[in-house]
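Student: Please find one structure pasted underneath; my questions will follow.
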Amino acid sequence: MNVQSLLEWFIPPEVRTQPELLIRARTLVSAALTAGLLAPLFALSYFKLGHALMGEGILAGCVALLVGVFVLKATGWVKLTAEYVVCCLFGLVNWMVIVNGGILSTSTVWFAAVPVAAVFVGGRISGMVWAALTLLAIVGVLLASQAGLLPPTPIPHEEFPVLQAKSLVGLALTVFILSLSFEKAKSRGFERLEAARRDSERASQALREMMDQVTRSIDAAGAESRDIAASSASMARTMGEQKQRSDSMVGEVGQMTALNAQNAEGAERASRTAGETGAAANGGGEAMDLAVRQLSDARAVIRQAAQKLEELGERSAEVDNIVQMIREIADQTNLLALNAAIEAARAGESGRGFAVVADEVRKLAERTQKATLDIGDKIRLILEGTQSSIVAMRDGNAQMKTGGEHAQLAQEKLTGIIRSTHELASLLDTVSAAQNRQNAVFGHFSQEIHAVGEASGQLFSETERIAQATRRLDTLLAELSGTVRRLDHAPAHGTASFADATPRPAYA
């Protein structure tokens, strides 16, 4: 690393981009490093002469000056660091004069370095301020020396000429190094300014080329903007039509959703009705089963009653035979009574009692015969009624058989109806569930269509804004194109050479 690189290392990048600050910073770093490197040599000579306060003060000032360089590196505060370095130099000179014999000290000549360094590193105003402070310090040291307030120097008087010569040489070297550093910094600044001028010319040429390209791009962008504006207008119309269709579709979907809800409600009612019908059919089937069983029981009872009536007919026929036998016996008894009466009459008085008995027997036989006739008539009526009942029972049994067959057929039909009713109820349940799912789907679809309608409305609004923005962009591009053309045809001004400008060594 050479000296220039070392000096550049202490200067922050943001300072290097500003020529005036760069010159001041380079001079500041050079002055601080020079003082920091030369001061230890003077401190060593004073330690050899037994003047420890002088040597320690010089070393402390050296350290303070070097700290200023690192402060500049860390902060980039050029002006503040410059004032700090000048302040350290001012304090160091005052210390050397005070502890080295006052106004007649060999260090008094270093007062001249303070305003010179202030001008180089801080500027014109800073130089004037520190010059005034230096004069005040000289006057103060003079008065203190005359009053005997300052300590005497421990250095022998025969060493004064040598120390005075060293001080003058050191001061001359310091001023020379400051001047050289300032000149070098100025040259480096000029080089940077010249490089900046060349960069400016290249940038100007590039800017002209860029302006031409920008003009062409603006013209092309204007054409594209007009096309986009036309497309945006067409898109806006399309979005408006789509929004109308979406609104219409939302209404239709709402109607479809309402109709589907009604269908779902009807299907649910039909499902409930089918369930109730199935339950009623089940009840009817059970009643039909009971009726069939009762018909079967009645048929069995009628069949048993017919059998009993036939048995009654047979018993009535037997009774009729018995009555016939009784009638025949009565006839014979009557005939025997008649014969007995005739025989009693023939017997005369002896047969009178027998005649009475015979007459009574005859009368009894007649009554028996008459009763037998009545019984026979009643038996015939019973036989006729029994026969009619048997015929009726047989007809009823046949009809009950036919009714049972019809009831059995009706039972089978009713069983089929019940099965169909259950199947219909199951199918209606499926239809109701499907209707409910379809209703949910239609509801979701309605929401989606409504969302599409809202999105179409938003897209329509956005498209309108895009069209308006495109029209504004077209207007701005036209204005920008006119501005660029005016800039492109403006008379070119010559670029002043920075090398001809005289830099100022001081900064206000």
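Every residue gets a Cβ built from N, Cα and C, even glycine.
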Student: In TrEMBL, which of 179-199, 263-283, 368-388 is labelled region 'Disordered'?
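Tutor: It is 263-283 that TrEMBL annotates as region 'Disordered'.
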Student: Should anything in the same chain at least six residues away from the transmembrane segment (132-150) have a Cβ under 8 Å from its Cβ atoms, list it; otherwise answer none.
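Tutor: Those are 90, 93-94, 97-98, 101-104, 108, 111, 114-115, in sequence order.
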Student: Counting by DSSP, what is the helix, strand and coil composition of the region 'Disordered' (263-283)?
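Tutor: Result for the region 'Disordered' (263-283), in helix, strand, coil order: 21 helix, 0 strand, 0 coil.
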Student: Looking at the domain 'Methyl-accepting transducer' (217-453) alone, can you tell me the average pLDDT?
Tutor: 74
Student: In the same chain, who gets a Cβ under 8 Å from the transmembrane segment (53-72) while lying at least 6 residues past its ends?
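Tutor: Same-chain contacts beyond the ends: 10-12, 25, 28-29, 32-33, 35-36, 39-40, 42-44, 46-47, 78, 81, 84-85, 88-89, 91-92, 95-96, 99-100.
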Student: Give residue numbers and ranges for long-range contacts of the transmembrane segment (84-103): same chain, 6 or more residues beyond its ends, CB-CB under 8 A.
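Tutor: Cβ under 8 Å, 6 or more out: 28, 31-32, 35, 39, 51, 53-54, 57-58, 60-61, 64-65, 68, 71, 110-111, 113-114, 117-118, 121-122, 126, 130, 133-134, 137-138, 141-142, 144-145, 150-153, 155.
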